[in-house]
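Report on one structure; see the data block that follows.
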Amino acid sequence: MKHLGRHVLAEICGCDFDILNDIEKVEEIMVNAALEAGAEVRECVFHKFSPQGVSGVVVISESHLAIHTWPELGYAAVDVFTCGDKVNPWDACNYLSERFSAKHMTAREMKRGIIPETYLKEVANL
């Protein structure tokens, strides 16, 4: 069955505290991860928490990359959602794991936009 996109959810552990707590560094790494995967970056929004932690989103033409960091735990929760077949979300996740100096990453991929054929036929008739 066809799908519209791929959504990888990654648990990245054993990361460098200073990197995960640096908003500029996290944004730079996230943008470069999108580019590494072959995506076209549109916009970025990042926020620094007190006393530590960063959350952010990189909006790409093909969907998005999102991150929430817990530097005190060396942990980052990452989503990479891509539409089409030109961008590989796994390339972005592997890049992030490497650049965060992670000791471990687990990830799962979910196909998104699996629309039943009967519904597509209904929509086509509107």
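From the backbone N, Cα and C atoms, a Cβ is placed for every residue, glycine too.
What Swiss-Prot says about this one:
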- Ser63: active site, schiff-base intermediate with substrate (ACT_SITE)
- Ser63: pyruvic acid (Ser) (MOD_RES)
- His68: active site, proton acceptor (ACT_SITE)
- Cys83: active site, proton donor (ACT_SITE)
Test of understanding: give the count of other CB atoms lying within 10 angstroms of the CB of the residue listed as 'active site, proton acceptor'. 15
I need the CA-to-CA distance for the residue listed as 'active site, proton donor' versus the residue listed as 'active site, schiff-base intermediate with substrate', whole Å please. 6
Fewest neighbouring Cβ atoms within 10 Å among the active-site residues Ser63, Cys83 goes to Cys83
